[in-house]
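Peer 1: Input: one structure, supplied below.
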Ligand code: AMP
């Protein structure tokens, strides 16, 4: 049997494109499903241009591919279940359902994986907010559809309740206690259905709720870093993980609290393309194919800077002045404000001296 596979990727944004690049240099063929025929993956793969919930298009993808994977979690799980053959989607649709809904996700993390999350409760209407103890701070998050801080309301006083009540009456939510973290961190872990491999701990700096800078290794103690990696491995093992998963966490002085999981390669893992011996995309492809997974070594301390629409010129200037920095551009046609257009990875032991694009001017 040929070891060359046809891999179908649902979603042709930057994550799908970088997955496809890894798959291609391993000798595989890639077909992408994306609503836009000129999506980033169109540079490197054939594209079936159709909406994600178009069951005929999903079936065409499934019929033409040996293995299917996805680049984002808001895929129609029922539609996929209707078309996939046994074992064709190694990540499974259960993981999709868990990560699509914060209520399922919290339940999975706290009760099944038994890792620490911020104390939370499910909120079905504003009635559930009536008796909250306002000596504490909270974040109210819609159970579905939120991303990058959308669908969230921080509650620090009674004045915040009007907006919070409106949010709670518009959708099912979870109310989490606010974590006074020192750092936001994440860990990439990949599985092949049997074994897992784990990446170094990443430190993440957000601006306007969008990742701006990732520093690797994260500036936390070895003890906390080991704990963060152990948590990611525990979650992966509980899921019998296939492919790459990112676990986002908060680091306090002496604890690690899990925030959420993303069942795919993640923006905070892009540094691994140059700084590790295998990237998060390589291990994703190996993992979904059920291939043996390598241990991951970090060659150099690294910093990744995101390039948003308003930063493209600054990033291009930066790499002219710093030719050892790696500029990745995803091939998006329109540079909209806050749209992720690319990233830069550089090796540095002095991450504070690596200035984010747009700092002080235009985040
Ligand atoms: P999320 O959509 O859950 O990733 O949240 C977006 C951002 O809000 C996170 O990156 C944190 O900066 C912040 N955040 C979310 N949940 C909490 C929490 N329980 N306590 C403090 N900050 C939070």
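Placement of Cβ uses the backbone N, Cα and C atoms for every residue, glycine included.
Automatic, uncurated: that is what TrEMBL annotation is.
So TrEMBL says this about it:
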- 102, 141, 146-152, 176-179, 184, 206, 259-260: ATP binding site (BINDING)
- 107-289: domain 'ATP-grasp' (DOMAIN)
Peer 1: Specify the secondary structure state of residue 147 (ATP binding site) as given by DSSP, simplified to three classes.
Peer 2: coil
Peer 1: Just jot down the residues in the same chain as residue 150 (ATP binding site), at least 6 apart in sequence, with C-beta under 8 A of its C-beta; none if empty.
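Peer 2: Within the chain, residue 150 (ATP binding site) has Cβ neighbours under 8 Å at 209.
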Peer 1: Among the binding-site residues 102, 147, 176, 179, 259, whose Cβ has the fewest other Cβ atoms within 10 Å?
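Peer 2: Sparsest of the binding-site residues 102, 147, 176, 179, 259 by Cβ contacts within 10 Å: 147.
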Peer 1: Near ligand 1, which of the binding-site residues 102, 150, 176, 179, 259 have CB less than 6 Å from any of its atoms?
Peer 2: 176, 179, 259
Peer 1: Does DSSP put residue 176 (ATP binding site) in a helix, in a strand, or in coil?
Peer 2: strand
Peer 1: In terms of DSSP three-state secondary structure, what is the assignment for residue 102 (ATP binding site)?
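Peer 2: DSSP call for residue 102 (ATP binding site): helix.
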